Amino acid sequence: MELRSAIRLFVLSASVFAPGVLGAFGYTSSGGNYVIDAGSANPLVFSVSQSSCDIKSIKFRGTELQYGSKGTHIGSGLGSATVSVSQISGSSRYIKVTCVTSTLTHYMVVREGESMVYMATYITAQPSIGELRLIARLLPNQLPNEYPYGDVSNTNGASSTVEGSDVFVVNGQTRSKFYSSTRFIDEDSHCVYGGSDLMHVCIMTPQQESSSGGPFFRDIDSNNAGDSTNLYNYMNSGHVQTEAYRMGLHGPYAMQFSRSGIPSVKSLDVSWFGEVSVTGYVPASGRGTVKGTASSVQSGMEGVVHLFNNAAQYWAKTSSNGAFTSPLMKPGTYTMVLYQTEFKIATGTVTVSAGQTATQNIASTFSTTRKTLFQIGEYDGQPTGFRNADKFLRMHPSDSRMASWGPLTYTVGSSQLSDFPMAVFQSVNNPVTIRFNLASAPGAATLRIATTLSFAGSRPQAVVNGWTGPAPAAPAKIDSRGVTRGAYRGHGDVYTVSIPAGKLVAGSNTITISSISGSSGTTFLSPNFIFDAVELYTA
């Protein structure tokens with residue numbers, strides 16, 4: 001009897017605690033790692049280093065998915081950390097791994113029965129490498145493919161390098177991990193997938209409240225780099241950085257392992273996250289909302305309300321009648337910005353209190369009381385419709401699939417919008433020429449040049465029928481490549497040129513717009529700026 005009981009006890013303990021046993025929710029310690037079994041129907045078992053916090057092994061349905069030479073980790077790895085594990089009971093059972101350094105605490109949480117790792121990262125300082133990111137380094141023979149943009153960021157088999165160490169040529173096409181990006185406001189899930197037993201591994205982030213950059217910021221999501229297929233969650237980076245980094249809790253976010261296709265962030269439930277004691281987590285009961293009406297957004301454009309302060313950022317799209325409601329927000333006073341698509345048209349402030357809904361309307365202050373002589377493009381904060389604007393997000397400007405950059409001449413009334421370049425590169429297509437006819441001399445006029453992003457101090461200078469307009473001051477510096485990495489969102493500088501009476505004439509007129517800068521560079525890394533719209537008008 002005693003022997004039979006001992007055998008039964010041994011079998012029971014092995015089934016509960018041994019890694020890889022189907023449905024055996026729990027954890028154990030083995031070889032300097034914590035081994036966590038999610039107890040899920042599609043088994044997920046992963047190992048976390050007790051000294052570095054690196055994920056060393058990920059087995060899904062018994063298949064190893066983790067790249068062997070480097071781990072899955074925060075930044076480029078924490079190096080060393082104090083790592084602990086605990087099991088928690090609440091509305092479900094959870095296993096929580098906590099990794100602590102002097103400035104960072106990273107959490108990995110498993111909820112019983114789910115093939116998913118929930119994460120959150122609390123920081124008091126930006127990592128020394130300058131990037132706060134999760135990078136899952138996975139096996140390319142199991143997960144070679146990327147979603148949603150496919151091969152544009154697959155750099156496996158590169159034959160040459162185009163730029164730096166991150167833009168390559170593969171099968172005659174330019175590719176980069178930067179071409180996998182999606183605007184924060186549009187993010188759903190991004191995934192890598194493959195295998196004969198088709199698996200998807202996907203990152204989902206319900207909101208980026210502690211990141212920087214606002215609703216239109218975008219960053220690297222995935223990259224099959226050949227030796228590993230990398231899946232990212234970028235929280236802070238210097239990639240076209242337009243505002244200071246935010247500290248505090250980033251997350252929760254999740255890495256889901258799926259055999260049933262691509263999950264949606266809308267179905268991700270993190271309402272229970274307060275049960276697992278995460279530093280910096282603010283539950284729904286400690287938050288408030290903002291609602292209101294946004295008015296005078298140009299017809300046909302999307303209204304977006306952006307709310308931010310030094311601690312957090314949020315956004316909401318407006319309905320067809322301008323109504324909006326924010327997500328749940330941390331208490332505080334926020335700057336409020338209204339965009340038509342991505343062009344800023346109003347600002348204000350609002351204060352949010354826990355458990356309350358603040359009502360704050362906002363209306364466009366962008367003047368429409370003017371007489372437009374011509375306009376090229378729309379004030380939408382994007383280079384929409386301009387030449388190569390349909391391509392640059394997913395390829396380098398040198399790519400053979402790009403249309404000729406010029407220099408180009410645009411004739412008002414006969415040219416297509418695609419005859420106007422989305423960007424002027426100082427050593428490639430400088431200047432752009434605009435030709436137009438006027439029925440009569442208009443007297444004094446204003447030329448408005450709206451831009452979205454400047455590189456290397458570039459800004460536009462206009463020449464009107466031989467009269468040279470003033471050279472604008474250099475814009476605020478963004479210390480990052482832009483258009484060559486598929487980025488266009490910067491400070492959105494708008495330049496106005498006051499044209500004296502007598503410079504515009506009845507009949508034929510010519511305006512050239514040049515890139516000027518005190519910096520230098522070659523080809524597509526020469527100083528450049530991106531157009532939003534160009535308008536000539538009188539009062």
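Glycine is treated like the rest: Cβ placed from N, Cα and C.
For Cys191, the cysteine that TrEMBL lists as its disulphide partner among Cys99, Cys202 is Cys202. Between the alpha carbons (Cα) of Cys202 (disulfide bond) and Cys53 (disulfide bond) lies a span of roughly 20 Å. Summarised as a single figure, the pLDDT of the domain 'Rhamnogalacturonan lyase' (286-359) averages 98. Residue pair Cys99 (disulfide bond) / Cys191 (disulfide bond) shows a Cα separation of 25 Å. In this structure, the CA atom of Cys53 (disulfide bond) is 23 Å away from the CA atom of Cys191 (disulfide bond).
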